[in-house]
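Heads up, the thing below is written out as structure tokens.
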Amino acid sequence: MIELGVNIDHVATLRQARRTWEPDPTWAAVEAHLGGADGITVHLREDRRHIQDDDVRRLRELTQIKLNLEMAATDEMVGIARSIKPEMAMLVPEGRHEVTTEGGLDIVSQEARLKDVIARLADAGIVTSVFIDAEIAQIDAAARIGARVCEIHTGPYAHAFHAQGRDAESPAVLAEIDKIRRAGEAICSHGMRFNAGHALNYYNVQPIARLPGIRELHIGHAIVSRAVFSGIREAVAEMKRLMREAAAG
């Protein structure tokens, strides 16, 4: 059955706006779990703009569902991951001037370095995921470096969906869906796990959730935005219902 990993970074964004102690991302993780989340995702950025080191430690200690740590492939982050031991570490590109992750990781240009990073994480018992664009060359490279999971960047699909007035049958949207579908087939052919995420929301999630072979979606901003009005538990539960409805056909 398809799973939902809830990204709670923007709960921390709200807290950091006042440099105070609330809202607490750990409590958001608990509420997300109660709403049906299968995992919690946080991005410990090098500039610590939202999630802090202590947040990750507390989440590791207190949450009862799997923890996915998004991270740059740096020595500092590898050391933190090896110490905290999340169930999964997702390698992402990172730029200090970006508002959010703007594209997939370019594995092809840095295979040797990323292979070493994955080996160091695996040595600590951590499954490694890579966040990549829906490109066959990147998927093949992910398999070569030993990634266990590929998360396909759904931003281009989400942007097309919005630009086309939420028309899931428009040629532009169908082209993006087909690109992700073909990427998923390639991922599965390598024996890797097919995940997806980025800019998914309550309007565009179902065409992605019904793709063959897809295992998990990571969604954050849309859920936190909805939770401002409806509460995290209800927001997560509604997203999970939409995904399951789509996956069931």
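Every residue, even glycine, has its Cβ placed from backbone N, Cα and C.
Quick look at what Swiss-Prot annotates:
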ACT_SITE  His43  active site, proton acceptor
ACT_SITE  Glu70  active site, proton acceptor
ACT_SITE  His198  active site, proton donor
BINDING   Asn7, Arg18, Ala199, Gly220, His221  3-amino-2-oxopropyl phosphate binding site
BINDING   Asp9, His10, Arg45, His50, Thr100  1-deoxy-D-xylulose 5-phosphate binding site
SITE      Glu151  site 'Transition state stabilizer'
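This view paints the features noted in Swiss-Prot onto the structure.
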residue: Asn7; record: 3-amino-2-oxopropyl phosphate binding site; contacts (Cβ under 8 Å, 6+ apart): Ile40, Thr41, Val42, His43, Glu70, Gly197, His218, Ile219, Gly220, His221, Ile223
residue: Asp9; record: 1-deoxy-D-xylulose 5-phosphate binding site; contacts (Cβ under 8 Å, 6+ apart): Thr41, Val42, His43, His50, Ile51, Gly220
residue: Arg18; record: 3-amino-2-oxopropyl phosphate binding site; contacts (Cβ under 8 Å, 6+ apart): none
residue: Arg45; record: 1-deoxy-D-xylulose 5-phosphate binding site; contacts (Cβ under 8 Å, 6+ apart): Ile51, Ala72, Glu94
residue: Glu151; record: site 'Transition state stabilizer'; contacts (Cβ under 8 Å, 6+ apart): Met90, Ser129, Val130, Phe131, Ile132, Asn195, Ala196, Gly197, His218
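For the 3-amino-2-oxopropyl phosphate site, whose annotated binding residues are Asn7, Arg18, Ala199, Gly220, His221, the maximal Cα to Cα separation is 25 Å.
In the three-state DSSP reading, Ala199 (3-amino-2-oxopropyl phosphate binding site) counts as coil. In the three-state DSSP scheme, Arg18 (3-amino-2-oxopropyl phosphate binding site) is classed as coil.
In the three-state DSSP reading, His221 (3-amino-2-oxopropyl phosphate binding site) counts as helix. Long-range C-beta contacts of His10 (1-deoxy-D-xylulose 5-phosphate binding site), restricted to its own chain and to partners at least six residues apart, with a cutoff below 8 Å, comprise His50, Gly220, His221, Val224, Ser225. Arg45 (1-deoxy-D-xylulose 5-phosphate binding site) carries neither a helix nor a strand DSSP state and counts as coil.
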